[in-house]
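Per Swiss-Prot, these features apply:
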BINDING   Gln120, Asp122, Glu128, Asn143, Asp144  Ca(2+) binding site
DISULFID  Cys27-Cys38  disulfide bond
DISULFID  Cys55-Cys155  disulfide bond
DISULFID  Cys62-Cys157  disulfide bond
DISULFID  Cys130-Cys147  disulfide bond
DOMAIN    34-156  domain 'C-type lectin'
SIGNAL    1-24  signal peptide
SITE      Trp103  site 'Binds aminoglycoside antibiotics (subunit E')'
SITE      Glu104  site 'Binds aminoglycoside antibiotics (subunit A and E')'
SITE      Trp105  site 'Binds aminoglycoside antibiotics (subunit A)'
SITE      Ser109  site 'Binds aminoglycoside antibiotics (subunit A)'
SITE      Thr111  site 'Binds aminoglycoside antibiotics (subunit A and E')'
Amino acid sequence: MGRFLFVASSACWFVFLSLSGAKGNNCPQDWLPMNGLCYKIFNELKAWKDAEMFCRKYKPGCHLASIHLYGESPEIAEYISDYHKGQSEVWIGLCDKKKDFSWEWTDRSCTDYLSWDKNQPDHYQNKEFCVELVSNTGYRLWNDQVCESKNAFLCQCKF
(Lines of atoms letter the chains of each structure in order from A and count residues from 1; the text may use other names and numbers.)
(Lines give C-alpha, C1' and ligand atoms only; values in the text may rest on other atoms or scores of the structure.)
Protein backbone atom coordinates (compact mmCIF):
# COMPACT_ATOMS: atom_id res chain seq x y z
CA MET A 1 0.00 0.00 0.00
CA GLY A 2 2.82 2.43 0.87
CA ARG A 3 4.52 1.81 -2.46
CA PHE A 4 1.24 2.51 -4.32
CA LEU A 5 0.77 5.82 -2.48
CA PHE A 6 4.34 6.85 -3.28
CA VAL A 7 3.89 6.03 -6.99
CA ALA A 8 0.47 7.73 -7.11
CA SER A 9 1.67 10.87 -5.33
CA SER A 10 4.79 10.98 -7.53
CA ALA A 11 2.61 10.70 -10.64
CA CYS A 12 0.34 13.51 -9.41
CA TRP A 13 3.36 15.70 -8.64
CA PHE A 14 4.74 15.05 -12.15
CA VAL A 15 1.38 15.96 -13.75
CA PHE A 16 1.18 19.13 -11.62
CA LEU A 17 4.69 20.22 -12.61
CA SER A 18 3.98 19.47 -16.27
CA LEU A 19 0.79 21.50 -16.25
CA SER A 20 2.43 24.33 -14.34
CA GLY A 21 5.16 24.56 -16.96
CA ALA A 22 2.63 24.56 -19.79
CA LYS A 23 0.57 27.29 -18.17
CA GLY A 24 3.64 29.39 -17.44
CA ASN A 25 4.09 30.06 -21.15
CA ASN A 26 1.39 32.77 -21.25
CA CYS A 27 1.55 33.34 -25.01
CA PRO A 28 -1.39 35.32 -26.37
CA GLN A 29 -3.84 33.58 -28.67
CA ASP A 30 -2.52 33.07 -32.23
CA TRP A 31 1.11 33.18 -31.03
CA LEU A 32 3.30 30.06 -31.21
CA PRO A 33 4.69 28.99 -27.81
CA MET A 34 8.09 27.31 -28.04
CA ASN A 35 11.04 26.93 -25.67
CA GLY A 36 9.81 29.60 -23.26
CA LEU A 37 9.26 32.20 -25.99
CA CYS A 38 6.26 33.29 -28.05
CA TYR A 39 6.37 33.80 -31.83
CA LYS A 40 3.97 35.75 -34.04
CA ILE A 41 3.82 36.36 -37.76
CA PHE A 42 2.96 39.90 -38.81
CA ASN A 43 1.62 40.11 -42.36
CA GLU A 44 2.31 43.82 -42.86
CA LEU A 45 5.17 44.17 -45.34
CA LYS A 46 8.19 46.02 -43.93
CA ALA A 47 11.87 46.47 -44.62
CA TRP A 48 14.07 44.38 -42.29
CA LYS A 49 15.12 47.27 -40.01
CA ASP A 50 11.51 48.54 -39.75
CA ALA A 51 10.35 45.02 -38.89
CA GLU A 52 12.95 44.76 -36.10
CA MET A 53 11.87 48.17 -34.75
CA PHE A 54 8.21 47.07 -34.85
CA CYS A 55 9.04 43.96 -32.80
CA ARG A 56 11.01 46.01 -30.25
CA LYS A 57 8.19 48.53 -29.86
CA TYR A 58 5.55 45.79 -29.59
CA LYS A 59 6.89 44.81 -26.18
CA PRO A 60 10.24 45.42 -24.45
CA GLY A 61 12.57 42.49 -25.07
CA CYS A 62 10.95 41.47 -28.36
CA HIS A 63 13.00 41.05 -31.54
CA LEU A 64 12.75 39.49 -34.94
CA ALA A 65 12.86 35.73 -34.33
CA SER A 66 16.06 33.79 -33.83
CA ILE A 67 16.14 30.07 -34.66
CA HIS A 68 18.65 27.88 -32.85
CA LEU A 69 17.72 24.26 -33.45
CA TYR A 70 16.82 22.13 -36.42
CA GLY A 71 13.82 20.95 -34.42
CA GLU A 72 12.40 24.48 -34.22
CA SER A 73 12.24 24.92 -38.00
CA PRO A 74 9.32 22.56 -38.77
CA GLU A 75 7.19 24.00 -35.96
CA ILE A 76 7.87 27.59 -37.04
CA ALA A 77 7.29 26.69 -40.70
CA GLU A 78 3.93 25.08 -39.92
CA TYR A 79 2.85 28.06 -37.82
CA ILE A 80 3.79 30.52 -40.61
CA SER A 81 1.98 28.40 -43.21
CA ASP A 82 -1.15 28.46 -41.03
CA TYR A 83 -1.13 32.19 -40.19
CA HIS A 84 0.71 33.98 -43.03
CA LYS A 85 -1.72 35.73 -45.33
CA GLY A 86 0.19 36.16 -48.56
CA GLN A 87 3.06 34.73 -50.51
CA SER A 88 5.91 36.95 -49.33
CA GLU A 89 9.04 35.71 -47.68
CA VAL A 90 9.31 36.27 -43.91
CA TRP A 91 12.06 38.21 -42.14
CA ILE A 92 13.90 36.67 -39.18
CA GLY A 93 16.42 38.39 -36.94
CA LEU A 94 19.65 37.31 -38.61
CA CYS A 95 21.84 39.87 -40.39
CA ASP A 96 25.39 40.49 -41.49
CA LYS A 97 26.15 43.97 -40.11
CA LYS A 98 29.85 43.71 -40.95
CA LYS A 99 29.09 42.52 -44.50
CA ASP A 100 31.68 39.77 -44.18
CA PHE A 101 29.51 36.64 -43.79
CA SER A 102 29.57 36.93 -39.97
CA TRP A 103 25.88 36.47 -39.23
CA GLU A 104 24.41 37.80 -35.97
CA TRP A 105 20.98 37.63 -34.32
CA THR A 106 19.30 40.87 -33.26
CA ASP A 107 18.68 39.44 -29.77
CA ARG A 108 22.46 38.87 -29.46
CA SER A 109 22.00 35.14 -28.95
CA CYS A 110 24.61 32.71 -30.30
CA THR A 111 24.62 31.97 -34.00
CA ASP A 112 24.73 28.24 -33.37
CA TYR A 113 22.44 26.97 -36.15
CA LEU A 114 22.08 27.96 -39.81
CA SER A 115 19.62 26.62 -42.39
CA TRP A 116 20.56 28.16 -45.73
CA ASP A 117 18.77 27.40 -48.98
CA LYS A 118 20.89 25.97 -51.80
CA ASN A 119 23.74 28.30 -52.89
CA GLN A 120 23.02 30.71 -50.02
CA PRO A 121 24.13 32.99 -48.56
CA ASP A 122 25.62 34.77 -51.55
CA HIS A 123 25.48 38.53 -50.77
CA TYR A 124 24.24 38.84 -54.36
CA GLN A 125 25.74 41.95 -55.99
CA ASN A 126 27.10 42.77 -52.53
CA LYS A 127 23.63 43.97 -51.47
CA GLU A 128 22.07 41.13 -49.43
CA PHE A 129 22.76 41.29 -45.71
CA CYS A 130 19.42 40.41 -44.03
CA VAL A 131 17.82 36.98 -43.76
CA GLU A 132 14.38 35.76 -44.78
CA LEU A 133 12.55 32.45 -44.57
CA VAL A 134 11.91 31.27 -48.13
CA SER A 135 8.27 30.59 -49.01
CA ASN A 136 8.95 27.97 -51.71
CA THR A 137 10.85 25.85 -49.15
CA GLY A 138 7.83 25.89 -46.83
CA TYR A 139 9.57 28.56 -44.72
CA ARG A 140 12.21 26.04 -43.60
CA LEU A 141 15.27 27.38 -45.43
CA TRP A 142 16.94 30.79 -45.41
CA ASN A 143 18.07 33.31 -48.00
CA ASP A 144 20.07 36.49 -47.65
CA GLN A 145 18.16 39.41 -49.12
CA VAL A 146 18.40 43.16 -49.65
CA CYS A 147 17.45 44.65 -46.28
CA GLU A 148 15.18 47.27 -47.87
CA SER A 149 12.97 44.58 -49.46
CA LYS A 150 9.46 44.44 -47.98
CA ASN A 151 8.44 41.18 -46.29
CA ALA A 152 6.14 39.87 -43.62
CA PHE A 153 8.08 39.19 -40.42
CA LEU A 154 8.26 36.91 -37.39
CA CYS A 155 8.65 38.45 -33.93
CA GLN A 156 9.66 36.58 -30.79
CA CYS A 157 8.74 37.80 -27.31
CA LYS A 158 8.73 36.60 -23.74
CA PHE A 159 5.42 37.15 -21.93
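Cβ from N, Cα, C; glycine included.
Shown on the structure are the features that Swiss-Prot records.
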residue	record	contacts (Cβ under 8 Å, 6+ apart)
Cys27	disulfide bond	Pro33, Cys38, Phe159
Cys62	disulfide bond	Cys55, Arg56, Cys155, Gln156, Cys157, Lys158
Trp103	site 'Binds aminoglycoside antibiotics (subunit E')'	Leu94, Cys95, Asp96, Thr111, Leu114, Pro121, Val131
Ser109	site 'Binds aminoglycoside antibiotics (subunit A)'	Ser66, His68
Asp122	Ca(2+) binding site	Glu128, Asp144
Asn143	Ca(2+) binding site	Glu89, Trp116, Asp117, Gln120, Pro121, Glu128, Val131, Glu132, Val134
Cys147	disulfide bond	Ala47, Trp48, Lys49, Cys95, Phe129, Cys130
Neighbourhood of the Ca(2+) site (Gln120, Asp122, Glu128, Asn143, Asp144): other residues with Cβ within 8 Å of the Cβ centroid, in order?
Trp116, Asp117, Pro121, His123, Tyr124, Val131, Trp142, Gln145
Over all shown protein chains, what is the count of other CB atoms within 10 A of the CB belonging to Thr111 (site 'Binds aminoglycoside antibiotics (subunit A and E')')?
12
With every protein chain in view, what's the tally of Cβ atoms within 10 Å of the Cβ of Trp105 (site 'Binds aminoglycoside antibiotics (subunit A)'), excluding that atom itself?
21
If you count other CB atoms within 10 A of each CB, which of Glu128, Asp144 wins among these binding-site residues?
Asp144
Please list residues from the chain of Glu104 (site 'Binds aminoglycoside antibiotics (subunit A and E')') whose Cβ is under 8 angstroms from its Cβ, counting only those at least six apart in sequence.
Leu94, Cys95, Asp96, Lys97, Thr111
What does DSSP assign Cys157 (disulfide bond), in three states?
strand
Mean per-residue pLDDT computed across the domain 'C-type lectin' (34-156):
97
